[in-house]
Amino acid sequence: GCQGAQGRFAYKLFHDLFTNYSSALRPVEDTDRALNVTLQVTLSQIIDMDERNQVLTSYLWVRQAWLDAHLTWDKDAYDGIDSIRVPSSYVWLPDIILYNNADDHFSSSMETNVVLRSDGHITWDSPAITKSSCKVDVSYFPFDGQRCRLTFGSWTYNGNQIDLRNRLDSGDLTDFVENVEWEVLGMPATRNVITYGCCSEPYPDVTYTLLLRRRASFYIFNLLLPCIMVSFLAPLGFYLPADSGEKVSLGVTVLLALTVFQLLVAESMPPSESVPLIGKYYIATMTMITASTALTIFIMNVHHCGPGAWPVPPWARQLILHHMARLCCVYEVGESCKSPQRALGRRVGRGDTMGLGESPGEGKAGAEVGGCPRDRCMCHHNSLLRNVNYITGCFRRHRAAQRRTGEWKKVAKVMDRFFMWVFFLMVFLMSALVLSKAA
């Protein structure tokens with residue numbers, strides 16, 4: 001019976017309140033005084049951060065509270081009813097909107113009920129999925145942080161009509177659902193009073209600054225580490241033997257792989273002038289690989305110098321074959337093997353010459369054996385000497401050409417090892433520089 005009586009009183013209260021009430025006018029007794037409206041925003045979830053279009057999609061709970069001077073009653077006259085809940089379309093609502101709204105349809109908050117109290121205070125809690133514009137700075141991607149602002153204010157009422165204030169110094173993050181990509185560091189709130197160029201009256205607003213930091217683990221394991229590992233493959237192209245024919249192919253393959261990674265990053269980034277940190281790393285690595293491929297082609301040209309090549313200059317022999325070879329730990333057995341060969345060749349040539357020098361005795365013996373006349377044997381001896389000298393000259397020229405070719409091959413090998421360690425050091429320094437900037 002009591003509940004039935006309270007229900008009748010609630011119906012009577014609702015009828016008495018809204019019989020002569022109009023939701024079109026600002027509910028104040030003195031029109032010259034501003035109506036105080038307090039705002040509180042609770043961040044429930046970050047749905048999406050579109051870096052390319054610079055749009056933040058978030059799920060918010062917006063609470064607005066104000067005093068309606070025309071909706072007050074004596075609770076004792078209505079069986080102690082202190083508050084009722086009515087649809088929000090029945091009462092006057094402040095036109096508080098999101099200034100930096102980026103939604104195509106400009107969808108407002110959900111039309112939920114409002115809570116009316118006997119002293120005229122109205123509380124309106126409404127959930128809203130908002131799309132707000134956010135200036136994205138990707139200079140340190142994927143180790144970046146963003147500051148996205150949510151600015152709320154009245155669209156038509158100026159500061160002399162509605163005084164908008166923030167209830168708390170920051171947004172409420174109690175019911176926030178953790179995002180897999182972004183970590184929320186805070187949501188401070190500030191009240192601003194701005195005079196726009198269109199109007200002379202001040203317009204107050206409340207701005208919530210959402211401090212975000214990207215969780216970089218996904219991008220480290222999918223974009224950065226593969227790039228670092230591929231980059232360390234590029235200097236190994238100098239370690240490949242020049243006769244394998246795969247030195248240039250390795251550099252071109254690594255360059256194509258890095259191009260694919262760079263395209264993946266470029267698809268998700270806004271087309272701005274600021275290049276992200278990982279993009280700078282890709283560009284530096286691609287430049288290094290391009291330089292290594294060009295040096296590989298030059299070194300292969302040095303390696304394949306033919307027999308007609310010029311001898312190695314004395315400065316190159318001193319610098320590369322002695323100092324740089326010792327520095328890069330390149331030891332060849334070519335020179336130590338060539339000296340015995342040259343000594344053997346000299347001994348063989350000297351023996352042949354001495355054998356040919358004994359031609360009178362040999363001719364005499366031949367003459368004695370064959371019964372050949374002495375003059376005729378001397379003619380054969382001179383012809384044989386000319387042929388042997390020709391063969392010896394050809395052999396010496398061939399040996400000299402082989403010696404020059406071997407020296408150029410060693411020059412190419414020393415340069416390969418030297419540039420391999422140089423580019424290994426460059427890759428290590430670039431990777432350390434990227435990680436230090438991220439820290």
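Quick reminder: no glycine exception, Cβ is built from N, Cα and C everywhere.
Remember, TrEMBL labels are computer predictions, not curated facts.
What TrEMBL says about this protein:
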DOMAIN    11-215  domain 'Neurotransmitter-gated ion-channel ligand-binding'
DOMAIN    223-432  domain 'Neurotransmitter-gated ion-channel transmembrane'
TRANSMEM  218-242  transmembrane segment
TRANSMEM  248-269  transmembrane segment
TRANSMEM  281-300  transmembrane segment
TRANSMEM  418-436  transmembrane segment
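Counting residues 6+ beyond its ends, the transmembrane segment (218-242) has Cβ neighbours under 8 Å at 141-142, 181, 248, 250-251, 254, 257-258, 261, 264-265, 278, 281-282, 285, 288-289, 292-293, 295-296, 299-300, 303-304, 409, 412-413, 416-417, 419-421, 423-424, 427, 430-431, 434 in the same chain.
This prediction places the mean pLDDT of the domain 'Neurotransmitter-gated ion-channel ligand-binding' (11-215) at 90.
Residues 224, 227, 231, 234-235, 237-238, 242, 247-248, 251-252, 254-255, 258-259, 261-262, 265, 275, 412, 415-416, 419, 423, 426-427, 430-431, 434 of the same chain, all 6+ positions outside the transmembrane segment (281-300), place their C-beta atoms under 8 angstroms from a C-beta of that stretch.
Residues 51-52, 138, 141, 223, 226-227, 230-231, 233-234, 236-237, 240, 276, 278-279, 282-283, 285-286, 289-290, 292-293, 296-297, 300 of the same chain, all 6+ positions outside the transmembrane segment (248-269), place their C-beta atoms under 8 angstroms from a C-beta of that stretch.
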